[in-house]
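Visitor: Can you keep this structure in mind? I'll have questions shortly.
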Amino acid sequence: MFNAEINNSTNTTGPAPIVDISNLDKVESNYISMETDQHNPTSEATSVMTASGLADPLGFFIVCCVVLIGDMNRGVLFPIMWPLVEELGGNAVWLGYAVGAFSFGRIIASPTLGKMSIDYGYSRTLVISTTIIICGSLLFASVYRVGSLYFLIFSQIILGIGSGTLGVTRAYVAEISATRERTKYIALQTAVQYGGFTVTPIFGSFFMWALEDKRYEVGFFVFDQYSAAAYFMGGLGTITLFLLLTKFQARYRTKPAAKKKSSRTAERDEVADRMTFAGVTVYTAALLGCMLLNVSTKGSIGAFETMGISFAESHFGLEPALAGLIVSVNGMIGVAALLSMGWLGKFFTDVQMILGGIIVCALGIISFAPLDAVEDGGSNSILHYCLGIFMIYAIGYPIGHTAVIGLFSKVVGRRPQGTLQGYFASAGSLARILFPIMSGYIIMLDSINTVMVVLFVNLIIANCFVAMNSRTLEALSV
């Protein structure tokens, strides 16, 4: 019912010059793309903004590489984590702590890295974070030799700190893309991120299979089923670091002169500035609501990711390598779904995609709740497992969660996004700490089936929030 648009005339943070969007008043902004980092202080170029496309395609590609290795740290190690925790003498609770440690590192780093990207530029920030990823990979490769669960958690925290650039990379994409196409390019970036932790478990499964009960020593390096994947990640991190140092150009914004607001901008601002019953503006409430949606969706997938391998073993009798392969295949389908977000956006709003994606994900999760474990006489079809994973990883989570990210970016508008995106990423990382640990304790005190019910209820409550506030959210995201 509201008719509003993003405020493009003041506090602009996007690439420039901004052109007409849906026949709105023309707003101009001068942007300069410069290398602000010490390794190339003289590089300078002017960005070109059009009505569609990207101002810096090469920069977008390199940023996607950073996103990829960040979430591959979770994906590649996904089939390895549970067997490694068991080998070190841990249980489901320790697994929850190990998975949560990665997200704890992200929480520590995300707001700081977001602020750094504003103060010192994207290039320097991403170089530092990628270097930390390389160091974390080497630490993880040594976990089995050290033989300590505490060292495993420490290495996961370091990897999480290095991977805490989701807010930085999303802010970068927001600044080089037109507002009306932002969900499309954020979806492309999210497809890379999603593929990083859902498709790449196939690599971890391969290392587990190829190096089972084998061990090779090459100088200081020891290659076995628990360390090879980490060395693989260290190599990819080194390649990405090279691209950042040689090809990437940081960007910063110059504040444009104030322009007269269009009528639609004024209407949007009027909606955003209204006070809610809680004493905060509608704009602030919408940002907080999007962050809670992020917590709900990220937490649910984080909990399922944590117990996925053990659940496949206990209820379907699947080996970790095969379970990881099934997740990877459905992750590939999910990436295809994300690549179609631009097409879906022609028919559905972000709010509608959130509602549809979350309900499909919730149904996939609750379908596992009635199942009995194999040791309790359960005879569950692998087809059921594949169908449930398909609903969660191929359709529900990728579409629903990506729409949440796009909605948040549109609500923020043309304001500086680095710090806010950092807080948004931290909210998701916090969920990835709390939900896996919660799941571990529920399993210990009750059963894994109860976890499925809790996750289902969580997602349904989130969907009710979106449905009740759909008109306001759509008004703020125009």
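Heads up, the Cβ atoms here are built off N, Cα and C, so glycines get one too.
Sequence annotations record features per position, and here TrEMBL assigns domain 'Major facilitator superfamily (MFS) profile' to 59-474. The feature transmembrane segment is assigned by TrEMBL to 58-82, 94-113, 125-144, 150-173, 185-209, 229-250, 271-295, 321-344, 351-370, 382-408, 420-444, 450-468.
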Visitor: What residues in the same chain, six or more past the boundaries of the transmembrane segment (450-468), come closer than 8 Å to it by Cβ-Cβ distance?
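Guide: Distal contacts: 289, 292-293, 296-297, 299-300, 303-304, 307, 351, 354-355, 358-359, 361-362, 365-366, 368-369, 435, 438-439, 442-443.
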Visitor: Within the same chain, where does the transmembrane segment (94-113) have neighbours whose Cβ lies under 8 angstroms from its own Cβ atoms, ignoring anything closer than 6 residues to its ends? I mean 6 or more beyond.
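Guide: For the transmembrane segment (94-113), the list is 73-74, 81-82, 85, 88, 125, 128-129, 149, 152-154, 156-168, 302, 305-307, 310, 419, 422-423, 425-426, 428-434, 436-441.
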Visitor: With an 8 Å cut-off on Cβ pairs and a sequence gap of 6 or more, do the transmembrane segment (150-173) and the transmembrane segment (351-370) reach 3 or more such pairs?
Guide: no
Visitor: Same chain only, please: residues at least 6 beyond the ends of the transmembrane segment (271-295) with a C-beta under 8 Å from a C-beta of the stretch. Say none if there are none.
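Guide: Sequence-distant neighbours of the transmembrane segment (271-295): 2, 4, 354, 401, 404-405, 407-408, 411-412, 420, 423-424, 427-428, 430-431, 462, 465-466, 469, 472-473, 475-476.
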Visitor: With an 8 Å cut-off on Cβ pairs and a sequence gap of 6 or more, do the transmembrane segment (229-250) and the transmembrane segment (185-209) reach 3 or more such pairs?
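Guide: Counting Cβ pairs under 8 Å, at least 3, so yes.
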Visitor: Go through the chain and flag residues at least 6 beyond the ends of the transmembrane segment (58-82) whose CB is under 8 A from any CB in it; none is fine as an answer.
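Guide: Distant contacts of the transmembrane segment (58-82): 95, 98-99, 102, 122, 126, 129-130, 133, 136-137, 140, 159, 162-163, 165-166, 169, 172-173, 176, 185, 188-189, 192-201, 203-205, 207-208, 225-226, 229-230, 232-233, 236-237, 239-240, 243-244, 247-249, 251, 305, 308-310, 320-321, 323-324, 327, 331.
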Visitor: With contact taken as 3 or more Cβ pairs under 8 angstroms (pairs 6 or more apart in sequence), are the transmembrane segment (185-209) and the transmembrane segment (321-344) in contact?
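Guide: Contact between the transmembrane segment (185-209) and the transmembrane segment (321-344): present.
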Visitor: Could you pull out which residues elsewhere in the chain have a CB under 8 Å from any CB of the transmembrane segment (351-370), counting only those six or more residues past its ends?
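Guide: Beyond its ends, the transmembrane segment (351-370) has Cβ neighbours at 293, 296-297, 300-301, 304, 311, 315, 341, 344-345, 384, 387-392, 395-404, 407, 449, 452-453, 455-456, 459-460, 462-463, 466-467, 470, 473-474, 477.
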Visitor: Could you pull out which residues elsewhere in the chain have a CB under 8 Å from any CB of the transmembrane segment (321-344), counting only those six or more residues past its ends?
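Guide: Here the qualifying positions are 75, 78-79, 181, 183-184, 187-188, 190-191, 194-195, 197-202, 204-206, 208-209, 308-309, 312-313, 353, 385-386, 389-390, 392-395, 397-399, 402-403, 406.
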